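Copied over from TrEMBL:
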DOMAIN    12-86  domain 'ZAD'
BINDING   14, 17, 59, 62  Zn(2+) binding site
Ligand SMILES: [Zn+2]
Ligand SMILES: [Zn+2]
């Protein structure tokens, strides 16, 4: 009893899933920079410090999930910007050509609370 040393400790532990993986990417490697890993990791409820004593590696599975997460957040952010711009510039009229929502005329059709002063 007590000698269940993990046979496969040859890999690196992934910071996000805590599993030993053979193929990982170090947070501060050139590859990570290329993938903008550190930027994407800021979306997560963890903080990574270059000098903390925790693993600095991430596995491929987690990278994929991180990318999906990043894309989702990015999309939400862009969508929000578009809607904000739309509201800001022509909240009671039709969308001009330059509006990203031009053509989606169902957007404000139910909004009858606005009174035009002209
Ligand atoms: Zn992982
Ligand atoms: Zn618009």
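In case you wondered, yes, glycine gets a Cβ from its N, Cα and C as well.
Keep in mind that TrEMBL annotations are predicted by a computer and have not been checked by a curator.
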Legend entry - Any further residue of that chain within 8 Å (Cβ to the Cβ centroid of 14, 17, 59, 62) of the recorded Zn(2+) site: 15, 16, 18, 19, 21, 24, 58, 60, 61, 63
Legend entry - Counts of helix, strand and coil residues, the domain 'ZAD' (12-86), according to DSSP: 37 helix, 10 strand, 28 coil
